[in-house]
Amino acid sequence: MNVINETANVLKLETGSVTSAKGFSAVGIHTGVKRKRKDLGAIVCEVPASSAAVYTLNKVQAAPLKVTQESIAVEGKLQAMIVNSGIANACTGKRGLDDAYTMRAVGAETFHIPEHYVAVTSTGVIGEFLPMDVITNGIRQLKPEATIEGAHAFNEAILTTDTVEKHTCYQTIVNGKTVTVGGVAKGSGMIHPNMATMLSFVTTDANIDHGHLQGALSAITNETFNRITVDGDTSTNDMVVVMASGLAENEALTPEHPDWANFYKALQLACEDLAKQIARDGEGATKLIEVEVTGAANDQEAGMVAKQIVGSDLVKTAIYGADANWGRIICAIGYSGCEVNQETIDIAIGPIVTLKQSEPTGFSEEEATAYLKEADPVKISVNLHIGNGTGKAWGCDLTYDYVRINAGYRT
């Protein structure tokens with residue numbers, strides 16, 4: 001089913017993914033790094049693709065990030081993205097860096113492209129070395145397909161504690177040409193970006209250069225991936241990469257292009273969709289939480305308040321317990337570090353107004369409990385009545401299963 005977004009000239013393709021844009025193929029296989037599941041994959045483009053990336057701000061960064069940064073820095077283009085899961089190749093010293101370079105070299109040889117057109121990344125357990133014989137033999141076996149099956153195989157190959165695959169696809173019109181933006185992601189725990197434990201790979205056939213693509217991705221990341229949190233931990237490895245083949249043959253996109261807003265909106269919706277899927281699949285989670293803040297001093301502060309609320313363990317556990325404890329919400333607002341007038345705050349949980357101008361409303365606890373049990377996503381709305389700033393953030397409830405999953409992660 002296709003769904004039209006009424007606020008922009010954008011169409012959502014419910015069955016699309018990272019192979020939907022012209023020029024892209026994908027593959028995922030099992031090599032033996034994991035016991036049973038697929039653990040190695042690649043996205044490949046027919047042509048060198050303008051590329052942009054945003055990386056974790058964790059000061060301890062895994063070796064593959066350095067290699068990918070170096071590749072993109074040469075021409076601002078990539079043609080292949082190689083990913084393994086199960087082992088993160090983080091905190092592995094010179095050997096780990098050499099292994100990442102080897103992955104890049106073998107990928108270039110396999111796909112018959114220059115090394116600087118290859119990016120690599122890894123996700124999994126920190127502090128273990130990659131079994132390079134297994135990895136290099138696996139890379140040589142990769143045979144990407146320009147099919148939805150190839151996209152699903154790739155997505156499966158990059159998952160760790162995820163319970164579901166995460167795909168998205170949108171289309172828009174630029175110069176009368178159909179432009180497609182598709183993507184996949186992984187992420188379930190250790191999610192608290194400035195980029196954090198997540199990988200997201202987005203492809204598009206739009207004609208756009210590296211600089212303008214990087215500018216768009218950086219801005220959109222701050223509004224999407226950097227607005228999700230599961231557990232407050234920021235990873236060593238993770239990144240968002242966008243590759244643009246240019247095969248839609250539109251006139252080169254710049255912010256001055258008359259259809260720039262169409263492309264930007266499609267990319268924004270794709271990233272937001274993937275971000276929300278990651279939050280919804282938080283380890284042990286039973287539902288998505290969406291917090292919208294209005295009336296803040298500015299958009300940045302609105303986003304900060306929203307993320308503070310959705311990241312509060314007390315708020316998350318209250319949602320899991322179907323407890324409309326708005327006191328936990330206002331507490332998170334107060335320690336957000338943003339401008340707040342404690343006498344003008346409105347809070348609503350779904351349609352139920354719990355606080356008006358910082359005074360309790362005498363709402364029905366039964367109605368609130370029923371909403372929290374049935375709603376997914378659970379929506380929390382806050383109006384600070386300070387200014388015109390607006391922002392959203394996404395997260396999930398916190399359950400007993402989160403502890404169970406993470407207590408046994410390496411076993």
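Each residue, glycine too, has its Cβ placed from N, Cα and C.
Residues or ranges marked as active site, nucleophile by Swiss-Prot: THR197. Summarising the annotation, Swiss-Prot assigns substrate binding site to THR160, LYS186, THR197, GLU283, ASN406, THR411 and lists sequence analysis as the type of evidence.
Everything Swiss-Prot records as a feature, shown here on the structure.
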residue	record	DSSP class
THR160	substrate binding site	coil
LYS186	substrate binding site	strand
GLU283	substrate binding site	coil
ASN406	substrate binding site	helix
Query = Just how many other Cβ atoms lie inside 10 Å of the Cβ on ASN406 (substrate binding site)?
reply = 16
Note = Around the Cβ of GLU283 (substrate binding site), other Cβ atoms within 10 Å, all chains included, total 25
